[in-house]
Amino acid sequence: MTKETLMPTTSLPADRLVADQLSLGYGDRPVAAGLSLTIPDGSFTVIIGPNACGKSTLLKALARVLAPHAGQVLLDGRPISARPPKEVARQLGLMAQSAQAPTGITVADLVSRGRYPHQSLLRQWSPDDATAVAEAMARAGVADLAARFVDELSGGQRQRVWLAMALAQKTKILLLDEPTTFLDIGHQHELLELCAELHADGHTLVAVLHDLNQAARYASHLVALAPGGTVVASGPPAEVVTAELVEELFGLRCRVIEDPESGAPMVIAARRTAYR
Amino acid sequence: MTGPAAGSGATGWALRIGPLSLRPHPRSTLVAAALAVALVGAAVVALTTGEYPLTGAEIIDALRGSATPGVDFIVTTLRMPRLLTGALVGAALGVSGALLQSLARNPLASPDIIGFTSGAATGAIAAFALGADSILRVGLGALAGGTIAAVAVYLLAYRRGGAAGRLVLVGIGVSAALTSVNAFLITRAPLHDAIAAQAWLVGGLNNRGWGHAAPVAAALAVLLPAAIIAGRRLRPLELGDDAAGALGVRAEPSRRMLLVISVALAAVATASAGPVAFVALAAPQLARRLAGAARPALIGSALMGALLLAASDVLAQRLFTPTPMPVGIVTAGLGGLYLTWLLAAGWRGRP
């Protein structure tokens, strides 16, 4: 387990996305203070932590959706708050948890809205847009749903459509806020396998996941966040996921064994009552 | 599956003219063209029929300035400015409603819902009470009242951003309160003021001349392009604030800007023709349904609003001679029927 040390502001040309001393919150309700974090380039970073520890808030700040009270998010060494929003949106995409599809919208229309940061008043739709939308739909496996209404899709299909919209944005860095929420276990793994493919293709992914075992299995870099937005541990899953950490973060006694399928650490919760 | 919006699929073509690169929605374009043709048709009927029927040739002569003084008076002083005011007011209301419905994600959103119309009525009644004698002065009162009400609704609904749902709820509350204030003011007003205020509250185009058409045209020349440019942000905004932010659109400033444009359009329309009912509600939805799109297109809504109001005014003038009805009564009647149909059809379409 490696303790995250405070990042010096003038780090050498390191990784593209860096959070530097962030203080986050809604109104005057603070969620995190002094949060520093580096997203390794080309990693599949997964953020874990108990409810209300600021995981989603951190992701929103990284995506420039939420302005930090203090500190800054650096993209390629420059604060994202000082850059035009559309320029940031061409580098960095977010699959937001709160996104909602307008009624009566088709899959193709929704996915094509991911092209907004690449468009302008004059250049409202170009062949590049068409190519990107077609590729994104094929990649997420929703090409055959193109003319369907989003309202009539299943939960699993809908999440893949939102992922396709984020892919149409053509960003190297993709942030995913609890992408598996509300999906059954089959569709959860389907989506995570898709993310693993994107990671293998060279995307940098940052996801918030609830399931520790899924996080440990798919992440190349794990960040454990405690309430108050403290980074408790970060590094490869095998180093981060320990019985002590799980008990410290979640108050859960457990054993950590090796997942026979992937070799990743696997958390087995202990029971408080005796076995029958 | 061939949904009505299948035409907006990820087809690989784009229309390119110099630096301009667009993807026109074929059915929306067709609908807009058909609406434009219908509008011209309504204009021909409005100009040629009436107490003194005129021929097309006489109209053209009058527009070229070579008609007899009588014909010239009927066309350029009586019928033309009224027609133009009606069409422009309708277009303003159509776009205003389309923006609000997209922002509120609610097909029932319109300037009536966010408190604008009742505020405008309060302003107009106050103007009558203060002795306003011209349509323009009453219009200014309405403009002030409506704007104050809309700003108040926005501020009351504002809590970490003026979210659309709260806007509608607060708007309904403020509208109800203002409606009772209006009723109170009318019962306490002197009789002739009360009658004038009541007539204004229905909305109408009687006695509208170039002095009314010109300011509306000037306002629309600024506001319509602004609506079309700012309206591009509706595409990301409709997906929610976080998704919009991730696509590079700052949600709250964008929403505020679009609200200001929408209220300004409604204000211009109401100042010129009174609170004409239901056009802002019905025009965007009718245009959207005809085009089979997920969202009311702004140009389609403008054309539909113009057609609705111009055609309703022809009906109001011709069907009820010799006493022409205020156009607001016709649009309210048609709008009520439409709303019923919209709800019934919507319920039948869903399991």
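Every residue gets a Cβ built from N, Cα and C, even glycine.
Listed features, source TrEMBL:
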type	residues	note
TRANSMEM	B:30-48	transmembrane segment
TRANSMEM	B:83-101	transmembrane segment
TRANSMEM	B:113-132	transmembrane segment
TRANSMEM	B:138-156	transmembrane segment
TRANSMEM	B:168-189	transmembrane segment
TRANSMEM	B:209-230	transmembrane segment
TRANSMEM	B:257-281	transmembrane segment
TRANSMEM	B:293-315	transmembrane segment
TRANSMEM	B:327-347	transmembrane segment
Non-local residues, at least 6 beyond the ends, that sit with Cβ under 8 Å of the transmembrane segment (B:293-315): 5, 8, 25, 27-28, 31-32, 35-36, 38-39, 42-43, 45-46, 49, 82-83, 86-95, 97-99, 101-102, 205, 224, 227-228, 231, 234, 238, 273, 276, 279-280, 282-287, 327, 330-331, 334
Considering the transmembrane segment (B:83-101), which listed stretch of B:138-156, B:168-189, B:257-281 counts the most C-beta pairs under 8 Å: B:257-281
Chain residues in Cβ proximity to the transmembrane segment (B:138-156) (below 8 Å; excluding those fewer than six residues from its ends, i.e. six or more beyond): 111, 114-124, 126-128, 130, 132, 162, 167, 170-171, 174, 178, 200, 256, 259, 263, 266-268, 270-272, 274-275
